[in-house]
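S.K.: Okay, these came from Swiss-Prot:
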type	residues	note
BINDING	GLY65, PRO66, GLU67, SER68, SER69, GLY70, LYS71, THR72	ATP binding site
Amino acid sequence: MDDNKTRALTAALGQIEKQFGKGAIMRLGDNQAMDIEAISTGSLTIDIALGIGGLPCGRVVEIYGPESSGKTTLTLQAIAEAQKMGKTCAFVDAEHALDPIYAGKLGVNIDDLLVSQPDTGEQALEICDMLVRSGAVDVVVVDSVAALTPKAEIEGDMGDSHVGLQARLMSQALRKLTGNIKRSNTLVIFINQIRMKIGVMFGSPETTTGGNALKFYASVRLDIRRIGAIKDGDEVVGNETRVKVVKNKVAPPFKQAEFQIMYGQGICKEAELIDLGVKQKLVEKAGAWYSYNGERIGQGKANVVKYLKEHTEMSNDIEQKLRAELLLKKTVKAEEPAKADEE
């Protein structure tokens, strides 16, 4: 770039910063462009699939799936992880179905959790916006988009037609919310339900509620499905669950994660550690026996899970090694070309 253009650009950048404040415009290569802060989902496999070690702060995240697939469980686990980091969390319960006892079992500190049960969709989104603008709340969960009923629909009669009202409400709210979310660095998670489109001949007939706005504004979209049952004898004690990263603006998308959700306990982290440990050759498997650092830790996966629950130091050690191996590798690779250029 010639000198005149450089001077003109510097003057323009100075004017923009003077008028709109520092950070209104920046070069992506500047040191101020920090790595995106992430909050763990409580599942190691999902954190790895997301590429940055969790859900990104200052962004909108959508989690959708069929009924009883684990959507609320996943968000409550994320809240529990955020609270461990000393963060303030809020739960906007539009479905009026939050179970505090279950949330407590998943590790959520109920006493510190902010909960709102709004009457209308407008009220829910206004509360969400006020919490975000305060800059004091780090995680806001809206459960769910399908339950955000517009005021006109609530005040109208049962048979009245209200075409596109919810989609318009979501579009308007997200236009208003996104700038505030970025400025306050708040993680906003929308839980959504699945509906079927009528008359679809080719492709998937599934769609999410609330129009298309959320699909565009979300930086991360997770599709969560139940793929099987976990049985103890004849009794079903949990679900095998698969999460697909359908959209990801902060890392490569389309990755998958499989894990177990145990009833009354949440995500079984120990089972993930065993599977990933064997895959990465951190945990040795010979027949039905599992060993770590040359020490036998159990026969059969169920016994090893029990052993790791009792020996938290070992499970933390395995988790740290897996995170270092599977997450930091990406950062190192990203930095290598820059070092080559400097030379």
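Note: Cβ is positioned from N, Cα and C throughout, glycine not excepted.
What you are looking at is a predicted structure, and each value in this text was computed from that prediction instead of being measured.
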S.K.: Whose Cβ, among the binding-site residues GLY65, PRO66, has more other Cβ atoms within 10 Å than any of the rest?
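M.R.: It comes out as GLY65.
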S.K.: Any idea what DSSP makes of GLY70 (ATP binding site), helix, strand or coil?
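M.R.: Note: GLY70 (ATP binding site) is coil by DSSP, not helix or strand.
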S.K.: Taking the centroid of the Cβ atoms of GLY65, PRO66, GLU67, SER68, SER69, GLY70, LYS71, THR72 as the ATP site, which other residues of that chain lie with their Cβ within 8 Å of it, listed in sequence order?
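M.R.: These residues sit around the ATP site: ILE224, ARG226.
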S.K.: How many neighbouring Cβ atoms, not counting its own, are there within 10 Å of the Cβ of SER69 (ATP binding site)?
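M.R.: Around SER69 (ATP binding site), other Cβ atoms within 10 Å: 23.
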S.K.: Around THR72 (ATP binding site), how many other CB atoms lie within 10 A of its CB?
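M.R.: Cβ-Cβ neighbours of THR72 (ATP binding site) within 10 Å number 23.
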